[in-house]
Amino acid sequence: MAHHDIHERQSAASETYSEQNYSFSRSANSRSPINGNDVDLFGPLRGPDDGRYTGYAPSSEALLSLLENKRSPLPGQSYQYDTPSSTTDGHDYDEPSQPPPNPYPAWTIEKQVPLTKEEIEGIMLDLTRKFGFQQDNMRNQFDAYMTMLDSRASRMGAVQALTTIHADYIGGEHANYRKWYFAAQLDLDDHMGYHSAPGKNKKVNRNSMAPQPGAVNIEAHDNLAMAEEHWKVRMNQMSHFDRARQVALYLLLWGEASQIRFLPECLCFMFKCAEDYYVSLECQQLVNPVPEGEYLRNIVTPLYKFIRDQSYEVQGGKYVKRERDHDAVIGYDDINQAFWSPEGIARIRLEDKTNLVDIHIGKRWSALQRVNWGSAFRKTYIEKRTWLHLAVNFTRIWIIHVVAFWYFTAWNATFLYTNEDLDEEGVTWSVPALGGAIATLFMLLGVFCEFMFIPLTWANTSMLVRRLVILLVVLVVNAGPSVYVCIFQRTGTVSKIVGIVQFIISLITTAVFSIVPSNQLFGGSSKTNRKNLASQTFTASFPKLNRSDRALSIFLWALVFTCKLVESYFFLARSFKDPLKALYDERVPNCKDKYMGQSLCSIMPVFTVIVMFFTDLILFFLDTYLWYVIWNTVFSVFQSFKLGISIWTPWRNIFSRLPKRIYAKLLATADMDVKYKPKVLCSQVWNAIVISMYREHLLSIEHVQRLLYQQVPSENESKRTLKAPTFFVAQEDASLQAEFYPQHSEAERRITFFAQSLSTPIPEPLPVDQMPTFTVLVPHYSEKTLLSLREIIREEDQNTRVTLLEYLKQLHPVEWDNFVRDTKILAEESTMFGSSATSGLGLAGEAEKDSIKEMGKAKNDDLPFYCIGFKSAAPEYTLRTRIWASLRAQTLYRTVSGFMNYSKAIKLLYRVENPEVVQQFGGNGDRLERELERLSNQKFKFVISMQRYTIFNKEEAENAEFLLRAYPNLQIAYLDERPPEVEGEEPVVYSILIDGHCELMPDGKRKPRFRIRLPGNPILGDGKSDNQNHSIIFTRGEYIQLIDANQDNYLEEALKIRNVLGEFEQFHTPPISPYSPQIVSKDVPEPVAIVGAREYIFSENIGVLGDVAAGKEQTFGTLTQRMMAKIGGKLHYGHPDFLNFIYMTTRGGVSKAQKGLHLNEDIYAGMTAFNRGGRIKHSEYFQCGKGRDLGFGSILNFNTKIGTGMGEQMLSREYYYLGTQLPLDRFLTFYYAHPGFHINNIFIMLSVQMFLFSMLFIGSMASSVVVCSDIAEDGCVNLVPVFDWIKRCVLSIFIVFFIAFLPLFLQEFMERGFARSTIRLGKHFMSLSPLFEVFVTQIYTNSILTNLSFGGARYIATGRGFATTRTPFALLYSRFAGPSLYLGMRALLMLVFASLTMWIPHLVYFWVSVLALVISPFIFNPHQFSFTDFLLDYQEFLRWLSRGNSRTHVSSWISYCRTLRTRITGYKRKRLGHPSEKLGGDIPKANFWVIFVSEIVFPFLQMTLCVICYTFVRSFPNDVNDTGAAVFTSGLLRIGVFALGPIVVNAGVLIALFGVSILFGPFMNMCCVKFGSIIAATAHGISVISLITFFEALWALEAWNMSHAVLGIIAAISVQRFVFKVLIAVFLTREFKHDETNRAWWTGKWHGRGLGLHAVSQPLREYVCKVIEMSMFACDFIMGHTILFILFPICLIPWIDRWHSTMLFWLRPSKQIRPPIFSAKLRSHRRKLAWTYGTLFVLLFVVFIMLIVGPLVFKSYLPDHLEKLVPI
């Protein structure tokens, strides 16, 4: 036989990327175990190639000969293969006798099926005729239904399969329909035939009271248990036909329901109506079929329109988003909840005002089309945009912290409220006991706020009022005794007893309020009551934890709070005692204000104490998070030891045991024939993995030879034995060390993780033909599919220094090397056969061939290969380079080719486990391949939902077509919009499915497989969830894996798919019917809804920012998830999670879709599953790859998206349910893992600000009074304990920031060892990542704060490219000024003041943190410090400041300024088609009260604090008058003059310039285009100069005292800020979308601007705007320059650009990115500009330095006591 001569050679065993073809020699039919000699390990290599280069790789023969170190292709082959083109399709069967295979092999007559395939199809056709479903919907759902039956029947009896599916959809213990049926009390309704909701004593319509068949006595039916029993009996007696029909009906309704799929209970209601109609006489007597599309037209479309019209309205023929916030939109959840209760269903009325429930149940279906949906729905939870949600949802958090802090502080500060000479013991008990009253006040606040959020129906109101009354009583009980003890009876035994009793009551109150969920307080909701069944079922059926996990959960939180309370008591509360005492006794001598007298002086210490108290309280909150991180990490690390996934686990032999584990854990070997040795089976799997890595260029051929199982001669001449690679033992035995893969490479990581993961406990796999079917679903919007050649080998723009290919080669040098070697083999092969062996395309030209023939003669010949990876422009070569780059960037191709590994894994596993199948096909490789293809297609489907498919540009369309050709089984779902059938109506939208087998039509499109009409455009929300929802009807099977378009998967992970699906615990169902009386409901385990998997972030190591982002995600995906899944706090976060298809789709789908509110759509699916009783698991042994953002901007865009999304979550009803209903330990787990993280960030930034305010107060006291160390002396202030307190605070804040690095360090430490983790962390610190962390914290904080104030959450497309492009300064400034730079600058000024007045070394850390807020965006900007670019940037910054005043400019200071303002003012209604209106976003105007708090109250408080400090400093005499008495000035007057002075000057200048522009504008504009810009520049220039002049004058008045001048500036800024906020919030009307008014103001041309009547009122409004803008401009001008001045010295460091790039990109200087190459002309132009603007910049720099240094140096020459001359 031909393959025996192959055996003769010593060979390395090998296969292609996972296709095993074992030809067993015919002579081996003896029963002896088969050994290595009988396996042809080369069979599969002759099959069609199937790597990620799909037919663009060297042929298998070339690979074989390479493995054998020969350079010729192999002779004779024992298998015959056709050309690849005819086999890939799998649809052309060459033997005419062979019938096409049955697509549902487990559902055949032989398997004793209850109903044949044809009968089921008949049922569905019948339903389609009776209800008017679309034909394509029926075909699609028939395929889905059959696939589901086939999937189940392959591992259980066919009857059992049908029954369990029916139980999951309709009648089982955990079927959503059954739960809804009892929650909405439909059992009563069914029995009576009319609605008998309690409390409705209406007259019974006798005609409709036909009792239901088999109904029991009505009285007995009120009892829920009996009703449930009755239900079970009914289900058990149901015929197979009825079960099949019910599921079919549900699927048909669901398949066409479009947006209604988001409303699970509404769908249940429809199913109920349809089912009742079906069994009624009317339906059975139907003669003519109902027209197709009737269901869509009459039932789905009206509901869809109602949903759409809530958020959109038609303007000028287009749909425009309404300006409504969530509290005014009746969203999906509100509509759905109408169907939860009998009362809600009773509200559904027809157009003629009849109630739907008064109609006989059989006639309701026909009546549905006449329902007036508008009157049926109302808000069921009001998502008002306010902070008060936190008071309701997280009451317990506030109580635990604030009350504990009160106990601690009150206990330590007895001197505040007792007289130390008397024995006032009662008082010392009674005052701390007020903690109980504080707890009650928080509860009361929660109840008051709840009135705002839940609709005030009778039931809700009575519940809240009852709670309110009881709480008031509790408040009196807690606070009353204090009145008696503290006012009437301070001493004596009675007061002591009262005090102690009160303290005990207080402890009990606090404990109860902290532990009991607020919803269950005072009998809030009892489980037995039928009324609360709905809310209990749908919002509080949390999955139960098993005993050990629950104990662990309680233990974890007990530990966290014990550590926290002990540490906080000693570190925070006790240490606060001394400063408190020192300041409490403080009296400031000789201090008086001209107008306010001594009042300020006496309260100054009190204010200081209050500010310090709040700082301490915030640190008290931060401590908890700190301990949570520490303990969670510790527990998680222990857990990883237990599972055996740490490299520190004692059993280091993960590699030597790997072959055994592959056999035992990955292969379903239980039912296998004994004759196959485990070694033979393992070798096939292992070799497949190795070859797949070779094909991906991760391993070189030398490595492959060392890693493969090989056949070697044995003693017996005729036999050969299978030799395992030394790799397995070499890991333990140092003497055998060899290089098996490049060090720290991707191959090493993958092999190590594979070996490690198999050492953990893993569910048993089922044989391949019994495994369940599953689908991978990828939503795609505009992500790159395949990189084009242009993108790879050309720079993006002039700011980029490097081509993508160059950069990728720097990052993956070894892989590029392997790729080039591979390409050369391909080229060699092509010349040898005279044509391309892979695709039949000849090479271009003879010369090309000749040059390739001489390969190896000269290295120069290979240069093109090493540069760009190809030498000939033939498409198969360029395509290879494109694929190589695409597999290393974040592309859809990487995702698709990665997840197609499932198909390869299924084929491979089937071949290994069924060698007899391979034998059976003898030498026919084609038929074997086809059989395997059929099997993998039966078990695994892949759907991409390409929302934009029909509007792809040429390149995108080609790439999509390339995917379909490469992977014909890939399915693409897309939306197709067609013009309306009738003129003037809405366009028709279809949901379409195609795959690679669909025929191509003449227009180049493919013929759809299914085409389902939708009620309208389905994209109503933020896009992703709607995109998933429209395509989910095309998914198949029992499970669905949700994948994003930036992920990757590997063959060795795909091999574990059966084990992962085993986590759903549905592999081995007991062989009895779920409806049988033996099954007791409490024995049925809660279903597993979601199984999460790990993610490996493949963008790690690509520079500091990419690595930080990757590290965050990595610890979240492993460390945090591991512990959260264990203690029941894990939700669904999108990425590689597997979902239980039936469970999720019957509960509203895989994500939620209300625009804005459900911005983080995935997490809501997790919360829904969790609230409704689905378990969520996490698998440690399975991981997918995932890309993360790499650049500063895109990482912060992602953080902003997460932050705003979290703001929206805080408003959502899910948080309300979880916060008010979860038991304490699980509530804490949920809180600290989700909202707590963000609230902690807010607190961190707040603590920094509060600390700086404390410093302001302490500093102003320290700078004005003599500080002494002993309290006894007079005339001085004792601040020593206060300084100690400051040091402690700095330490606290420092630790809180740095604890962020602990999880990553430990995670690395666990999985890669101490050295790797230290190096990674070291690299982070060397690259200044702590600065980045501070900045990120502020971005998170800002995004939540702005979201909860203004809304405007929207999906931000986060760029996934490599960040090598330099961003201009002006762009960075405008992007980050609002979120961080302004705050940073204000903080910096405070810090300057603190450092001037009381320097302590601890402040260095604060300097770093505050500077981080100001300069981080620039520090992490690639090539920021390249000298020429820095100066050209300065030119761009000046242009940015001055643009946009003569003609519209998007990137200008004025448009940035307007955008900031419009958040508060809102826009006037949009007029369509105005060119400059594109500048404005679509954000609804925020609520006035929210703005009032965030934009007026908070700035007012800050202003008050700053002004108090300054006024205090000015309250000391610095002169005596003629009589010798001290002269006191007024700080208030001075600050008023210096804060408002510049504003008054600007106002005057503007009036003058307005006159000029009105008079001269109309003429000047004709000749001088820039007239407007010149006027604007004049005004702006004056504003800058006046501001600087005022500040210098202030300094002069302060007698050149630096610290006082800085304090004056701080106070003046805070006053100006407050004034502007008030002007904007109160006096400005809405903004125009366009910027015509701004240009009108400067040019003086008001007519013809399209303002209409507004032209009269607008000048006045614009005047107010301009007054604000002048000061804003001066601020931005000075601030921008200050930042540039801070950065400028760094530019002067030699070779700084190179070092900076090393820091950012982690590339060695030798591998650095080259400077850009410019033409000579451009170079000289750049140099000229750099000189011009460089000179200007240096000039301003000198002026800036002189303004500060001058007065200090020439102090003696300057006038001193100016305040004598100037009386302010």
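Positions of Cβ are set from backbone N, Cα and C atoms, glycine also.
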(request) Give the range, chosen from 268-291, 628-651, 676-699, that TrEMBL lists as transmembrane segment. (result) 628-651
(message) Assess whether the transmembrane segment (1572-1597) lies in contact with the transmembrane segment (1730-1754), where contact requires at least three Cβ pairs under 8 Å among residues 6 or more apart in sequence.
(response) yes
(request) Count the residues of the domain '1,3-beta-glucan synthase component FKS1-like' (241-353) that DSSP assigns to helix (H, G, I), to strand (E, B) and to coil, and report the three numbers in that order. (result) 72 helix, 10 strand, 31 coil
(request) May I ask for the residues of the chain that lie six or more residues beyond the transmembrane segment (429-456) and have a Cβ under 8 Å from a Cβ within it? (result) 378-384, 386, 388-389, 391-392, 395, 398-399, 402-404, 406-407, 410-411, 417, 464, 467-468, 471-472, 474-475, 478-479, 481-482, 485-486, 495-496, 498-500, 502-503, 505-510, 513-514, 518, 521, 1216
(request) Report, as numbers and ranges, every residue of the chain located at least six residues beyond the transmembrane segment (1376-1396) whose Cβ falls under 8 Å of a Cβ in that stretch; write 'none' if there are none. (result) 1196, 1200, 1248-1249, 1252-1253, 1255-1256, 1258-1259, 1263, 1335, 1338-1339, 1342-1343, 1346, 1403, 1406-1407, 1410-1414, 1416-1417, 1456, 1460, 1602-1603, 1606-1607, 1609-1610, 1613, 1676, 1679, 1682-1683
(message) Take the C-beta pairs under 8 A between the transmembrane segment (1603-1629) and each of 551-572, 1242-1265, 1673-1696. Which stretch has the highest count?
(response) 1242-1265
